[in-house]
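Feature annotations, courtesy of TrEMBL:
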{"type": "DOMAIN", "residues": "33-295", "note": "domain 'IspG TIM-barrel'"}
{"type": "DOMAIN", "residues": "311-412", "note": "domain 'IspG C-terminal'"}
{"type": "BINDING", "residues": "Cys314, Cys317, Cys360, Glu367", "note": "[4Fe-4S] cluster binding site"}
Amino acid sequence: MIQKMSDKQPISFSEPVRKLTRQARIECNGHVVTVGGNAPVRIQSMTNTDTVDAVETAIQVKELALAGSELVRITVNTPEAALAVPYIREQLDRMGVHVPLIGDFHFNGHTLLTDYPACAKALSKYRINPGNVGKGEKRDRQFGMMIEAAARWNKAVRIGVNWGSLDQELLADLMDENSRRPTPWDVRQVMYEALISSAVESAQRAEQIGLAGEQIILSCKVSGVQDLVAVYRELSKRCNYALHLGLTEAGMGTKGTVASASALSILLQEGIGDTIRVSLTPQPGESRNQEVVVASEILQALELRRFVPSVTACPGCGRTTSTTFQELAKDIDDFLRARMPEWKKSFPGVESLKVAVMGCIVNGPGESKHADIGISLPGTGEAPAAPVYIDGEKRMTLRGDDIVSQFRVLVEKYIEERFGRASNL
Ligand code: SF4
């Protein structure tokens with residue numbers, strides 16, 4: 001028997017409920033980027049230039065920041081790199097780019113942060129890998145020196161544990177303990193435990209040394225989607241530090257993008273994660289900004305944040321007569337992205353705009369009506385005309401060879417009228 005509508009319950013919206021974490025404040029020239037607590041999920045990225053080349057590094061940091069990266073990490077691996085850091089900061093300040101810089105330290109961070117105070121001061125946050133700070137008693141002393149530098153300069157710290165550079169002494173201890181269990185755990189489960197223990201215990205040690213718990217962000221990166229999900233679910237239960245999410249060594253192109261999006265989306269949907277980085281290997285000739293584009297698309301697809309107007313486009317099928325609609329979809333997408341820096345200033349709220357570009361009459365009118373402005377191109381056998389829908393109603397029909405430019409003009413006019421009006425209220 002078919003149930004009557006009056007007997008049914010409304011279907012709940014699917015909205016992630018963020019797990020409340022402590023909020024870190026990452027400061028740069030008086031501008032503060034908050035991470036955790038009620039702050040939006042932040043996007044971060046990492047340069048792949050030689051930090052010693054201060055000009056090239058500053059240019060790439062600027063590009064990443066303009067693409068939407070709210071924090072940018074740079075490698076600080078040698079005295080020369082540490083010396084370059086204040087110059088990179090200076091150049092960014094001169095260009096009006098106030099994105100906080102994070103120093104990525106391994107092996108010699110204790111020395112670099114102590115011997116190069118200008119570097120320690122110019123950075124806004126330090127990344128410390130507890131698996132790469134030395135062994136035995138040296139480890140505690142060197143870790144302590146880095147935390148003391150952070151406390152002295154009032155910087156935030158990410159304690160970033162990585163599957164590939166796990167604290168071997170801790171892992172060996174846990175393996176020994178596991179072998180004494182009546183029913184030993186799977187080796188992978190011991191690895192999970194080692195990752196989480198290393199991060200949480202290091203954070204507790206950092207607090208004992210004098211760093212405020214709010215200024216600590218944790219990460220436990222692995223390269224497998226299911227491993228990442230398992231580890232972060234448990235990590236978020238064991239602490240309330242802000243969490244940095246990322247799949248390490250995600251890989252290139254489609255594989256890296258899909259793996260990162262899958263892993264991050266599962267966790268973000270469960271409310272886990274305060275800042276994300278998508279670790280893509282750029283394909284030859286590909287811009288480093290791609291990792292920022294993918295990170296923004298993940299957050300926008302999950303409706304956690306909005307950055308650019310969304311373009312709904314059908315995939316096309318045997319009903320489409322040409323590539324016109326593919327070109328139009330790409331053209332409109334590129335056009336919206338290119339105009340956003342200017343529109344953001346003049347038309348507040350423009351990032352919520354929804355545009356539809358559809359291939360034929362089957363879903364074209366319906367999907368276009370759901371968008372703020374949509375166009376339904378003619379499919380095979382349809383009259384060579386493209387109806388345009390604005391705010392759910394058919395307003396006009398475009399014809400001719402320059403439908404693309406006509407539609408662009410309409411989109412721009414719609415934005416000016418709707419969002420320009422909002423800014424004048
Ligand atoms: S809207 Fe038309 S062209 Fe696009 S996928 Fe559907 S049937 Fe094919």
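Using N, Cα and C of the backbone, Cβ positions are placed for all residues, glycine too.
Feature annotations (TrEMBL) mapped to structure.
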residue : record                        : DSSP (3 states)
Cys314  : [4Fe-4S] cluster binding site : coil
Cys360  : [4Fe-4S] cluster binding site : coil
Glu367  : [4Fe-4S] cluster binding site : helix
The one of Cys314, Cys317, Cys360 whose CB sees the fewest other CB atoms within 10 Å, among these binding-site residues: Cys317
Any same-chain residues 6+ apart from Glu367 ([4Fe-4S] cluster binding site) with CB under 8 Å of its CB? Would you list them in sequence order, or say none? Thr312, Cys314, Ala356, Met358, Gly374, Ser376
Surrounding the recorded [4Fe-4S] cluster site, with Cβ no more than 8 Å from the Cβ centroid of Cys314, Cys317, Cys360, Glu367 and those residues left out, we find Pro315, Gly316, Arg319, Thr320, Phe325, Met358, Gly359, Val362, Asn363, Gly364, Gly379
